[in-house]
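Visitor: Features from Swiss-Prot:
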BINDING   Cys68, Cys70, Cys83, Cys86  Zn(2+) 1 binding site
BINDING   Asp458, Asp460, Asp462  Mg(2+) binding site
BINDING   Cys811, Cys884, Cys891, Cys894  Zn(2+) 2 binding site
Amino acid sequence: MNNGILHQNYNSKKFDIIKISLASPEVIRSWSHGEVKKPETINYRTFKPERDGLFCAKIFGPIKDYECLCGKYKRLKHRGVVCERCGVEVEQAKVRRERMGHIDLVCPVVHIWYLKSLPSRIGLFLDMPLKNVEKVLYFESYIVTDPGMTPLEKKQLLTDEEYAEALENYGYEFEASMGAEAIRDLLADTDIESEIELLQAEYEESKSTAKKEKAIKRLRLLETFQASGNKPEWMVMTVLPVLPPDLRPLVPIEGGRFATSDLNDLYRRVINRNNRLKKLLDLNAPDIIVRNEKRMLQEAVDALLDNGRRGRAVTGSNKRPLKSLADMIKGKQGRFRQNLLGKRVDYSGRSVITVGPSLRLHECGLPKKMALELFKPFVYSKLRLGGHATTIKQAKRMVELEEAVVWDILETVINEHPVLLNRAPTLHRLGIQAFEPRLIEGKAIQLHPLVCAAFNADFDGDQMAVHVPLTVESQLEARVLMMSTNNILSPASGQPIITPTQDIVLGLYYITREKEGARGEGKLFSSYEDVSRAYNSGTIDIHAKIKLRIDRQVFDTKGNTYNEKGVVNTTVGRALLLNILPEGLSFSLLNKVLVKKEISKIINQAFRVLGGKATVVLADKLMYAGFKYSTLSGVSVGVDDMTIPDNKEAKIEEAEKEIKQITEQYQSSLITENERYNNIINIWSKTSDEVGASMMDAISKDTVSINGEKKEIESFNSVYMMAKSGARGSYNQMRQLAGMRGLMAKPDGTMIETAITANFREGLSVLQYFTSTHGARKGLADTALKTANAGYLTRRLVDVAQDLVVIEEDCGTDDGLMFSAIVEDGEVKVPLVERALGRTLAADVVTEKGVVLLEAGTLLDENLVELLDDNGIDMIKVRSPITCKTRRGLCAKCYGRDLARERQVNVGESVGVIAAQSIGEPGTQLTMRTFHTGGAASLGITVSDIKVKTAGKIKFKNIRTVTNKEGQEIVISRAGEIIVSDTMGRVREQHKIPMGAVVPLASGKAVEIGDVIATWDPHAQPLITDVAGKVVLEDVIDGITSKHTYDDLTGQQTIEITSISQRTTSKNLKPVVKIVDEKGAELKSIPLAVGAVLNVADDSILEVGDIVAKIPLEGSKNKDITGGLPRVAELFEARRPKDAAILSPCDGMVRLGNRDTKEKQRIEIIDKNGHIVEEILLPKSRHLVVFDGEQVSRGDVLADGPTDPHDLLKYKGLEEFADYILIEAQSVYRMQGVVINDKHIETIVRQMLRKAVILDEGDSKFVKDESIELVRILEENDKLRKQGKKEVEYELVLMGITRSSLSTESFLSAASFQETTRVLTEASINSQIDNLRGLKENVLIGRLIPTGTGLAVRKESAKIEKMREELGVEDNMVFTDLSSFNPEEISFDSIQSQKEDKDINEDIEESLRNALESLDF
């Protein structure tokens, strides 16, 4: 007997690629089931569709299933019969969603997308300006289609008068016409091949870049037409397809009226005008009338395809523009984003959430009524299987009546059946998690408090949605991958995300505090039980200091075990917590005051040492304890808890006195307005801080008498405890409650100079309240804007990274990035240990003695990074997503550790989306503010020296010095740094040293804490000479390039260089200080920048190290620093900053002053032979940081300004660029205290570098200076290498995330992101193919995404497909060999084991793989 089972397989999803192209009139007719000839829709009396109308049943199919229109044929037995009376085929009514019709247009009509979507394809193809094409189309001008023997030119436009004149002169020797027919003829007549040859010749010959660019654009368009098989005349339509009627429905609403889709109106207009035109042509109407009708037909079709693209939009009866076909697919409400990328799903519900303090971490409370509705199908089947009901109908009735048995069955159904909970907005993957439902009374969903952080939920009325996974596979995935107990770590940072907050923290803090002289102090207990008994009987106080004997086993991270035994000093509260501490963790973790950070450490340590299961149990127990003791503590907020300090009034009086003095000084013109304002702001800030400090003193300490002795102890004030423990509130808020509110900001960020001296306990006066509304209101407005902006940033990030998936184990590269600690302002902000964790080494790590510590390819875990630290390694090379060589994906080695799972990332992980979510999710926490570092914000003191914070050795980097006549070492280099390393050689500090600084110590010297290693003048940058000689001033002319000022008080006179813009004449003078020797030969020339103050006079003698001039630093530093969200967006969009720094494009020597123009200065870079290699023109106002004759390397700064990432990549290389983006982006997040792993930012940067520009096309078909996907270039190079031909040379180009998303290989992904019309227009002309590689494309067509379990399924089905081909099985059969099938082999033991204990088991992953392998999708 044959063991194969054959059955029909209606699988419409069996396609690998999707292609989009232009439709020819024949193709449109082949789709159609008939021509729509009348504009009528339905008969007003019978409500039946009119024949040949827009809803005609003959064309589109029957209205009722298997029933013709007149009712002659009914039921399934007549299927396929065409009724001879009404002409309707007996078929299912759903064919009305699929069958299309068509309209035969009397005259051709141009498709508006190819005309008006910029750049106009028709205009470009015909090499005509869009304006001229439109003139012809809309019947304003004639166009010459065939000049014949006349002097007219082809494509020449003629007005009516000119046309009449030409007819008079040449008769019918030439042809000229107007309208779409003319355009169609021109398109059809174009000989593409000869045009291409002409253009190539033109491209080669032309010198101007503009001409070249135009030629290449047109060439590309013609080549696509040649290659794609599209004919250009198809951009002009002669047949218009009609959408199936059920996609543009007409529905009756109450009151006998009808609601209709706008498309019906638009189609009606087209049909009306088309029919009228037909009549007019039959009647041989005058040309002018016909012409007008043709123009109106063109406009009607334009409106149908894309309303509002040209001229005014056609409006409906409600004065709103009608929604055209283009509007149906684009935008948030369009087909792509509304129905294809996100759909409403069945088996879901939503309700308000409340807190479930008694739940376990993997549970949620589900209201009974809701559960019954959600699990209805399961309940029905159980009722039938259990014999309670014989039919579904009966089961339905039982459920409706809510009989007792129904609830029992519901209990068994939901047992072990996870549900998904989701809270909008879902900003990262933890916004949807799986829980096991517990049935509860009431109507609100109960949520476990510890998952609130991941969902960003609170219980002030938030709602959440519940979804039921139906299939076994989906339940398995929910349990293994999405269960809340499996998502302990945040994928963004790798830190625990289920750490306790708020009341839990308060409770744990309260019971771990100690109190002097509490009842039972000093007693010794032998065990936890003794303490518990004594506490419950009331003989000891919970805060009493006691001694406790302990004996526990402790594991460390390396897996070693040691014993912890002996008597420890502790408190009763801490001893009570000992019961919940699992075996393996040290009591020292608990034996301290537990503030939020410490609790987080306990969870972290538990996860590292004991694994997920024990951590989950511990977290739950900590939560129960926290809730219990915060309730028992009775901590609450009362007005008396805010203690106002006694010295507040005195402090305020003192401040007011100082301000009075300053105002008097200002009135007698001793200080400027700016100084007055800054001083007042400073005084109030200082006072406010002092009042705050004395309030903290008052609130944080209590005086108690113990045995008649007065003692100061830490206070048990409720407000203080809340803030101190990290449960709620902050020092700043407390200051406003009990100190003084202080300074308020205006919406533009500046401070209002009248401070609010009252606090909330005293209450504000009307004026004070009014002052404070300013900032408060801005805060609210900001929040609203910020949320939208952050959401948009996330969307752009997801879009650019969505198709980045780990697709192989190892790409084999030894490329990578150099990692060292991140140092800001001389302090190590992020140690190397943190950055290196979870990365793969790209090169061996070698100690100073030359010993190989770790080999390349090692994945660094916690123990290995400690090893790096112990050996004083301060720089390593790690693999990075940016340098990964895998094409169309990433390899697991370059990505490193999966942060949420603590092991190397799995093949199939969609790391792109995770990266995008990790960066976008904290976006809402980032500020929107643009900081102004002038006036109020810069309350910091100016720094003028560097003191060492760690003892060790100093090392100079890029520092050149000269010795002046006082014997001091003066720095004359620009980008110098001093590095302080400790005894192990690890970098502890790194300081930038400005030019002109005095360095008292030499490189390599030992330093102690507090030693000064550099001093400088903070207010001016000195220009210093490194040669001795006589001064000659050139072009320093008083009143023209400089101004003399004489100070009456000091008797000093100064010479200051003035700006070019202030000069009326002599704009080309360049003030310079030249230093010459005795013979008058020039030794050095120093150009003087605007604002420089001279320190030397003409003919004076200079020594080495003398200051020639000083540039005051006031003007240059007051630039705006963009912070927060806008800065992150700016980095990822790779925007070029205004007045960016100019980098040197090559190595060489700088030559200045040659051939300057009126407005610009010219920088020439010359090689050893004196030839000019590069020239740069700059406005004269830009300040150069290089001198004439200075040697520069490629990428050195020539003129300062903000960094341009594009230049950085071009001149300094990939590594410098990657480093810049990483450090800049991280500094924004660090300011807000958000931790994001570097690899997420690197992942996005990889996607920004997807394209490259061709430097030399080699033997390929590419064109020089064209930018193309890097993957395509690499694939082309592989081919050329095999053939032994010349390869393509290229250089990477940087694209912002929006541009990168729009230029992806997949047109479906790009079209569903932004600019849908443009993307589809371009794709259709190119006959573009979408290979459906990314996630988005697969979601759009309703497939499993090729990542995670979907990738496994895809590989599996590829194997099956291969087998089918080898066996020669036809497509419409599924061939299953049952001989080898044994159902008992499929093991679900791991799911069984969960029944014993509901906490997650590691074996499940194995079972998931087995299950997926054994399931043939």
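The backbone N, Cα and C atoms fix where each Cβ goes, and this holds for glycine too.
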Visitor: Tell me the coarse DSSP state (helix, strand, coil) of Cys891 (Zn(2+) 2 binding site).
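Guide: SS state of Cys891 (Zn(2+) 2 binding site) = strand.
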Visitor: Across all protein chains in the structure, which of the binding-site residues Cys83, Cys811, Cys894 has the highest Cβ count within 10 Å?
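Guide: Buried the deepest by this measure is Cys894.
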Visitor: If you measure from the Cα of Asp458 (Mg(2+) binding site), which of the binding-site residues Cys68, Cys83, Cys86 is the nearest?
Guide: Cys68
Visitor: Excluding Cys811, Cys884, Cys891, Cys894 themselves, which residues in that chain have a Cβ inside 8 Å of the centre of the Cβ atoms defining the Zn(2+) 2 site?
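Guide: Here the non-site neighbours turn out to be Glu808, Asp810, Thr813, Arg879, Pro881, Thr883, Lys885, Thr886, Leu890, Ala892, Lys893, Tyr895.
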Visitor: Pick the one among the binding-site residues Cys68, Cys70, Cys86, Cys891 whose Cβ has the fewest other Cβ atoms within 10 Å in this structure.
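Guide: Each of the binding-site residues Cys68, Cys70, Cys86, Cys891 was scored by Cβ atoms within 10 Å; lowest is Cys70.
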Visitor: Out of Asp458, Asp460, Asp462, which of the binding-site residues is least crowded by other Cβ atoms within 10 Å?
Guide: Asp460
Visitor: Rounded to a whole angstrom, what is the C-alpha distance between Cys894 (Zn(2+) 2 binding site) and Cys86 (Zn(2+) 1 binding site)?
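Guide: Here the two Cα atoms lie 68 Å apart.
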Visitor: Between the binding-site residues Cys68, Cys70, Cys83, Cys86, Asp460, which lies closest to Cys891 (Zn(2+) 2 binding site), Cα to Cα?
Guide: Asp460
Visitor: Hey, for the Zn(2+) 1 site built from Cys68, Cys70, Cys83, Cys86, who else sits with CB inside 8 A of the CB center?
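Guide: Everything else in range on the chain: Ala57, Leu69, Gly71, Lys72, Tyr73, Glu84, Arg85, Gly87, Val88.
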Visitor: Given the binding-site residues Asp460, Asp462, Cys811, Cys884, state which is nearest to Cys68 (Zn(2+) 1 binding site) when distance is taken between Cα atoms.
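Guide: Going through Asp460, Asp462, Cys811, Cys884 one by one, the closest to Cys68 (Zn(2+) 1 binding site) is Asp462.
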Visitor: If the Mg(2+) site is taken as the center of the Cβ atoms of Asp458, Asp460, Asp462, which further residues of that chain fall within 8 Å of it by their Cβ?
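Guide: Apart from Asp458, Asp460, Asp462, the close residues are Ile353, Ala457, Phe459, Gly461.
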Visitor: Quick check: of the binding-site residues listed here (Asp460, Asp462, Cys811, Cys884), which one has the Cα closest to that of Cys70 (Zn(2+) 1 binding site)?
Guide: Asp462
Visitor: Between Asp462 (Mg(2+) binding site) and Cys86 (Zn(2+) 1 binding site), what is the CA-CA distance rounded to a whole number of Å?
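Guide: On Cα coordinates alone, these residues lie 57 Å apart.
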Visitor: Of the binding-site residues Cys83, Cys86, Asp460, which sits closest to Cys811 (Zn(2+) 2 binding site) by Cα distance?
Guide: Asp460
